[in-house]
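Listed in Swiss-Prot for this protein:
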type     : residues : note
DISULFID : 75-90    : disulfide bond
DISULFID : 82-95    : disulfide bond
SIGNAL   : 1-21     : signal peptide
């Protein structure tokens, strides 16, 4: 039993004495690792920024493009919103304010003459 204790004590002392390094070495190693991590984070941040700028440019380009659906639509039937100042919108119909009040009370709609 004593040999086991002595062996354990010897292994413990060796592990503690050999395992402890210089504080300066540990500090330098930690600084190197953090600097590498910072450079990696800077690289990742720049890459993400480039991708976001490309995406933003693409979205702005899509918004500014004219499509055939972006032009003003004409009234094609009764009950469709219209502009009171543009009589062409309601061809064959009259652009009037609704008689019933509701959430649409400020807008005009096409009605039959």
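Every residue, even glycine, has its Cβ placed from backbone N, Cα and C.
Note that this is a predicted model, so its numbers are computed, not measured.
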Residues of the same chain, at least six outside the signal peptide (1-21), with any C-beta under 8 angstroms of its C-beta?
none
Does DSSP put residue 82 (disulfide bond) in a helix, in a strand, or in coil?
strand
